[in-house]
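Features of the protein shown, as given by TrEMBL:
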type	residues	note
DOMAIN	4-122	domain 'Ribose-phosphate pyrophosphokinase N-terminal'
Amino acid sequence: MPNIKIFSGSSHPDLGQKISDRLGLELGKVVTKKFSNQETCVEIGESVRGEDVYIVQSGCGEINDNLMELLIMINACKIASASRVTAVIPCFPYARQDKKDKVGSRAPISAKLVANMLSVSGADHIITMDLHASQIQGFFDIPVDNLYAEPAVLKWIKENINEWKNCTIVSPDAGGAKRVTSIADRLNVDFALIHKERKKANEVDRMVLVGDVKDRVAILVDDMADTCGTICHAADKLVSAGATKVYAILTHGIFSGPAITRINNACFEAVVVTNTIPQEDKMKHCSKIQVIDISMILAEAIRRTHNGESVSYLFSHVPL
């Protein structure tokens, strides 16, 4: 593919390498460093004049540093006369701060702020995956392709869970009902959801199961797991309701704080995440974590965008 350059930020170099390998391209040369006062410095090591540039940077690890690095990389390419700059952000940072709640009426809408920052830095297009709230696409005045891990998740379920025809897909909260019903419909199985009542953020008070999981395999599906309090509570609830096995499938495995300890102590057969966030270190400390590689979905989205083809095929198919 002529006139295309792919650069990787420092948040997830492995994913950037996999995407470029899949496209048969070399990763672009970029040097990122910090001055002694912790300011980020980025130097693009090759010409991007007139090129279609893709910058891969996920919202994980040192999120604020990585976000700043992405903004500087976009700006560096833009003022070096790149024809188009696309930010490939597998896990969108600050996506959970997408609205004002009834409580805390002076809360910011940080996802909108991040959208503004990306636009102002010079991004012409955004490719992301499983946004926490799909309305975030409306925060941008530039095109946003929100890809879905669902086709890869369906493939994993059919290949790795023998009793998948006798399973129930479960949403750990009411907000994920749409995601779960879509997967349940595609597999032609039942779904259930868990209603949770929170006293404060990251702490669940009480859970009520709506649906039947007795003598079935329960598959919890969510877009992200952070401290894992919710999915571990949900797993206990499903086992006490008669589920034979419990799996958890998550797009973004953040796993901060006590998450790994909670998963190790919980009754999961497996906790399956995609590699939108690097998981190598987490897997060393938790044998239950398994990873679905989604680099081929992102690579195909880049190829189709570059060639002016439709991306909607990827909403229901995994590229071979």
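Heads up, the Cβ atoms here are built off N, Cα and C, so glycines get one too.
Applying DSSP to the domain 'Ribose-phosphate pyrophosphokinase N-terminal' (4-122) sorts its residues as follows: 40 helix, 27 strand, 52 coil. Across the residues of the domain 'Ribose-phosphate pyrophosphokinase N-terminal' (4-122), the predicted structure has a mean pLDDT of 95.
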